Amino acid sequence: ARVPDDDMNSLEDSDSMESCFAGEEEFYSSTLTPPTPSEDIWKKFELYPTPPLSPSHNPDDKESDRHPRHHQQDGDGSPSRSYQHLMDDDDLPLVNPQVPLLDLSSAPPIAALIQDCMWSSIIAEERRKLFMKSEKKHAEERATKKASTPSSGVMLPPLVPASEYGTSDCVDPSAVCPYPLSETRLDLFSSGTNTPSDSEEEIDVVTVEKKHHSVHKINTTRPYHKQSTKVRHQLHHRPISVALVGSLRGRPSTATILSIPIKKLKTEGNLEEVKQILQKSNLIRSSSGSSRGSSRGCSRNSSSRRVNQVSHPSSDSEDTEKRACHNVLERQRREDLRTSFLLLRDEVPELGTCDRAAKVVILKKATDYVSSLRDREETLRMDMATEKNRNLQLRRRLEALLAPLTL
């Protein structure tokens, strides 16, 4: 006896909506013990059953009876009525009732066919990997062609021919999709098979080569920028010790100054000697540059050129060298000023016992002491003048007394 269509539709609707409702045991157990977040998430996924279930059949049926609904037809003889038992109208938005559907019973048996209305994720993954390999191969060929003959336009990747996939890995679309493929659209990459790791594997070779070219240009324009900044950073944290190639055959250079520790320069260095060494180094640099421009074939000039290139790679290194020399001279000047203030403090009698006198106090006391010394000098001059006059008067009196005795 044939089951009516309305009863069959109601039974299938109840079967499809059965997973949307939880049983009494699940409901009461969930109220007593709240589910973990993972269980709650999976239950939410179960509320949306996609795709519709395949028609049930007994395992003892023959191969020809696996699709009984495809052979059942209504009074009008259209096979589209049999698919309306399995899916609603909303599930088949692209089915055209004017186009005749395919009959799966007449299709040849294929080993890789899927006995369901969904694509197999494994076969889709294999097809996607083959497509990615061919895409990379075409991208490499396109990159080599573009490197040989550069062009300004951007070309889209060509479509991969179907012959490169192989017939053993493909599935007959007519065995899976019973309606025409001209009105359907199947996107393998939006069906959940694309993962972040798979998307990261796709690399555009042309853009990578452009990036390498741009990085190479930047590195060639300023090759010693990082080294110069590193030298600046090291000058603030440790004594100045720049390792250069060496002096030019016994002649002094700035490397001899920079290699000396700061404490040694403070104690033993002289300001005039440092200035003379700097002037000699500048003369050596200018003479080596002129000789390098005049005669390039000479071995001595080539060696001096190498030394200059190694010791002065860029303008930044020259600035740091000049700044280091200036700092050495400035420290020497401050040290001399400090020693002069200490000597002045020792000369003032009021500040002889004060070890921590300020510079302003030292200057004030020194000016007062100098003014007092000048007043005392003036009084002493006056006393000296009076003493000279008295001495002169005494001599005249002595001469007057001795004059009658001589006669």
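Here the Cβ of each residue, glycine as well, is placed from N, Cα and C on the backbone.
According to Swiss-Prot, the feature compositional bias 'Acidic residues' maps to 1-16.
According to Swiss-Prot, the feature compositional bias 'Basic and acidic residues' maps to 58-74 (among others).
Among the features that Swiss-Prot reports, compositional bias 'Basic and acidic residues' is placed at 134-144 (among others). Residues in the compositional bias 'Basic and acidic residues' (134-144) partition by DSSP class (helix H, G, I; strand E, B; coil) as 11 helix, 0 strand, 0 coil.
Summarising the annotation, Swiss-Prot assigns compositional bias 'Low complexity' to 285-306.
Sequence annotations record features per position, and here Swiss-Prot assigns domain 'bHLH' to 321-373. In the predicted model, residues of the domain 'bHLH' (321-373) average a pLDDT of 92.
The region 'Disordered' annotation in Swiss-Prot covers 1-92 (among others).
The annotation region 'Disordered' is assigned in Swiss-Prot to 134-155 (among others).
As annotated by Swiss-Prot, region 'Disordered' applies to 284-323 (among others).
As annotated by Swiss-Prot, region 'Leucine-zipper' applies to 380-401. The helix, strand and coil residue counts that DSSP assigns across the region 'Leucine-zipper' (380-401) are 22 helix, 0 strand, 0 coil.
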